[in-house]
Number of protein chains: 2
Amino acid sequence: MALGSVLVKLGMLSTSDHASVVSMNLFVALLCACIVIGHLLEENRWMNESITALAIGVCTGVVILLTTRGKSSHILVFSEDLFFIYLLPPIIFNAGFQVKKKQFFRNFTTIVLFGAVGTLISFSIIATGATEFFKRLDMGSLDIGDYLAIGAIFSATDSVCTLQVLNQDETPLLYSLVFGEGVVNDATSVVLFNAIQSFDLSHINSSIALQFIGNFFYLFVSSTMLGVVTGLLSAYIIKKLYFGRHSTDREVALMILMAYLSYMLAELFYLSGILTVFFCGIVMSHYTWHNVTESSRVTTKHAFATLSFIAEIFIFLYVGMDALDIEKWRFVSDSPGTSIAVSSVLVSLILVGRAAFVFPLSFLTNLTKKSPNDKIGIKQQVTIWWAGLMRGAVSIALAYNQFTRSGHTQLHGNAIMITSTITIVLFSTVVFGLMTKPLVRILLPSPKHLSSIVSSEPSSPKSFFAPLLENGRGSEVDMACTSIPRPSSLRMLFTFPTHTVHYYWGKLDDAFMRPVFGGGGFVPFVPGSPTERSVHPW
Amino acid sequence: MALGSVLVKLGMLSTSDHASVVSMNLFVALLCACIVIGHLLEENRWMNESITALAIGVCTGVVILLTTRGKSSHILVFSEDLFFIYLLPPIIFNAGFQVKKKQFFRNFTTIVLFGAVGTLISFSIIATGATEFFKRLDMGSLDIGDYLAIGAIFSATDSVCTLQVLNQDETPLLYSLVFGEGVVNDATSVVLFNAIQSFDLSHINSSIALQFIGNFFYLFVSSTMLGVVTGLLSAYIIKKLYFGRHSTDREVALMILMAYLSYMLAELFYLSGILTVFFCGIVMSHYTWHNVTESSRVTTKHAFATLSFIAEIFIFLYVGMDALDIEKWRFVSDSPGTSIAVSSVLVSLILVGRAAFVFPLSFLTNLTKKSPNDKIGIKQQVTIWWAGLMRGAVSIALAYNQFTRSGHTQLHGNAIMITSTITIVLFSTVVFGLMTKPLVRILLPSPKHLSSIVSSEPSSPKSFFAPLLENGRGSEVDMACTSIPRPSSLRMLFTFPTHTVHYYWGKLDDAFMRPVFGGGGFVPFVPGSPTERSVHPW
């Protein structure tokens, strides 16, 4: 048993034997193929990179299945560690690093409301629904812990896929809401899942429930603080030590290592690494990024995006390939009806569970907003609901953790849950994913109009950077823009200064943070100033 | 036994348990510390990054040894796979990517002579010497395969350390000779080592010897060709597919993945991955690099350098930490005299073995050169001899492979060889490494004068790139420079056109390669041309 789990974890490392080398070659070649084909299909209105990678993965799986005569379909064993330790951190860090910070912090309350409270609502509905429906099906032995785990597993939306479907420039409010919610949601689901596994759930009383909630808030706040502190530390080190004697390689290496350190520290203290690394990314892009050389800025911006891009493709390619693993399907082949029923029930629960918090919480949020421009319209609510329906690698990783511990899918119920998770991930990514782009186009036909109302992000300074920061997969960073707020955005800031976290933050930033940690966040744009000159050397 | 080796290989991946998370945190934090301290000590004339990392590693080892009360001193188990599959490829690829190609190809014959023939000479001397001397010591059971392996292990110079000691701008001829030799030497040693392990050496005859030599040349040529083909393929893909629709992230991802693919393909076909990835790096910097966007160029240049930088520090930190592993020393503690004798004999053999090929081969090379400027002076010969004396991670990895297979250092002779390898690596890196910088300064007091004679590399265009490509740890790339050869360098080219590989290569490049694969290698510098405009957008 121990050897088995070690071998599963080993995955990629056992490259001494020739079979592993063949696997790695095939996998790297497939990654290259995904990039090239994804690029060729870029203009296609239905496709996105995730679906391309999934499709290539499934096709490869079929080919391997036929070649090995039905013995196996994957070339790498799915390793939870590989996913949580190596693939997820760069994706989430890059998301924090590239997110439009003004939008994010302006909508901070809404994002946390959606991500934390919303996920809890979704979790309760899915867990309750699963308990009700699955008892009527012939599911084998699932206990209360399993049902709660199912709630947590299927509450975890796929922030990776969302990033590829929505466009930060076209629909900035929606992007920041859906994506920000996605990150908080990931963290909430993982925290919930860990809490379910560690607490004794056979006899729940009010004291345990309070303890649970307290634990949840502690994790939330301390994870965020850890990320912020690590980010600030990196800014301070680079500002103080490297003053006047910059070295691009050292700076970039230090930023990468400190970001990874923040994630590992969170794991060390049993916190949520996802939240930590996300906030570390935000702080690094706000302070550290402004303390380094121009080449470090270009390098970090694109290197982080590239790492994240490779990790994303890796995950989807893998999930596609893993979907055809014949071992898993053998156990459920004698009861295909049950499997289909379970998947259908879960998809319905996901749809209902998300609707049950998006619309009420949007209503609540709208009550607190005075300006009609700030309110979330019904069409936008539908988009938010729809864009968060996809389930991805986090769900798969959690499902593997929960349902393969007691013998690798030996139990009937466990086997069905694993295959259902894969079915739902494939179905939601392909079907919901394919329909999101057209849906956004139908529901929000005039993105330019919308963005001019909602976004206060300056878009004109982008042109200054065109030679330097040209087209990065459509996800333009705002760091450059943030450093030079134009008069128009300042005016916007003063239009509703009292009810934004953003406003108070700006004051604190100017008075205390910037002098200590560096960064160009709120420097007024003065033509000919050092800020300008450092950015445009000509 | 099988479980043991799996656990050893596992190394970093088993992060589920908390102890591994602690280890990873400590290790990442130490990497950060190495970067910061290395930066602070940069001005010091004795220190370099390798020695800093080694010292920090040894100190940490002592602290861990005291904390765990003598139980263990390392936090990661040395994994040969980790080294050969993940750490070495980025270092060698980056070396190829950043090497001054003109210098390298002008001295190509000399480099191959030193790297291949020289390593064979060094190998024979060390293997013969070890056989002679070790038989008189009480060494346990070593067979002929072991002695030949010792020859291969200690013929492998440490190209990583050399990179940090010599300066590409100050002594370009020496740098390209020593470093180029180092790469070819690494490849030769690994090829030799594999040949020794796979051939039946108990009864050598002339047919087996011929087979051995044939195999060696086959490996050499086919590895190089594979690297060149993969590099050209990447150039072709990016030139054709991405024409007019560039995407920085995709380009960078494709370059990284194709480079890694070349290494893995070499492993797949049992070739030398080191040679393959080195030539892939050269081709990529010559063609592919010129087909991508400006931000991709800056990103790849610095991202590859950073990856290589992190891998180098990782290796030295690890070697330092591993040196105090109490397990290894316990076996030899009962015979310290033998251990010291073995190490001393090996160090002497390394010194003699290197002298035995550097001076004769330099003499041979000088005979073929007509211009006195091209000849290798005696002072330069001494520097070449000295700079290649360091032994590093390749030696350790090969020694682990050879001497831990038959039971983990259970045999007395094996245990002594492992500890001797560690001793020699530490000694040569610290002692020879510390003395190289001052030696270069004493022997070659006027590097400016030297470089103006030997180097035909244009140095003035560098200033154009100052805002964009500023200070990268002193290792300025020449790719930018290569794209704009100045009249002076063209004149140099025509001064001795007949005896350079470089010249014929330039003709082929202009006539056939450049139109197909892109690249700005030999475009004459025309002010206001598209080449110039694409580089300086102002």
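Each residue's number is its place along the chain shown, starting with 1.
Here the Cβ of each residue, glycine as well, is placed from N, Cα and C on the backbone.
TrEMBL annotations: computationally assigned, not manually curated.
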Which range is transmembrane segment per TrEMBL? Of A:247-267, A:415-435, it is A:415-435
Residues of the parent chain within Cβ reach of the transmembrane segment (A:340-364), under 8 Å, 6 or more residues beyond its termini: 110, 113-114, 117-119, 121-123, 125-126, 129-130, 133-134, 137, 139, 150, 154-155, 376, 381, 384-385, 388-389, 391, 416-417, 420, 423-424, 427-428
Cβ pairs under 8 Å with the transmembrane segment (A:216-238): which stretch of A:53-69, A:272-290, A:302-320, A:384-403 has the most? A:272-290
Tertiary contacts of the transmembrane segment (A:53-69) (same chain, 6+ residues out, Cβ under 8 Å): 26, 30, 33-34, 37-38, 75, 312-313, 316-326, 426, 429-430
With CB pairs under 8 Å as the measure, which of the listed stretches A:272-290, A:302-320, A:384-403, A:415-435 comes out on top against the transmembrane segment (A:20-41)? A:302-320
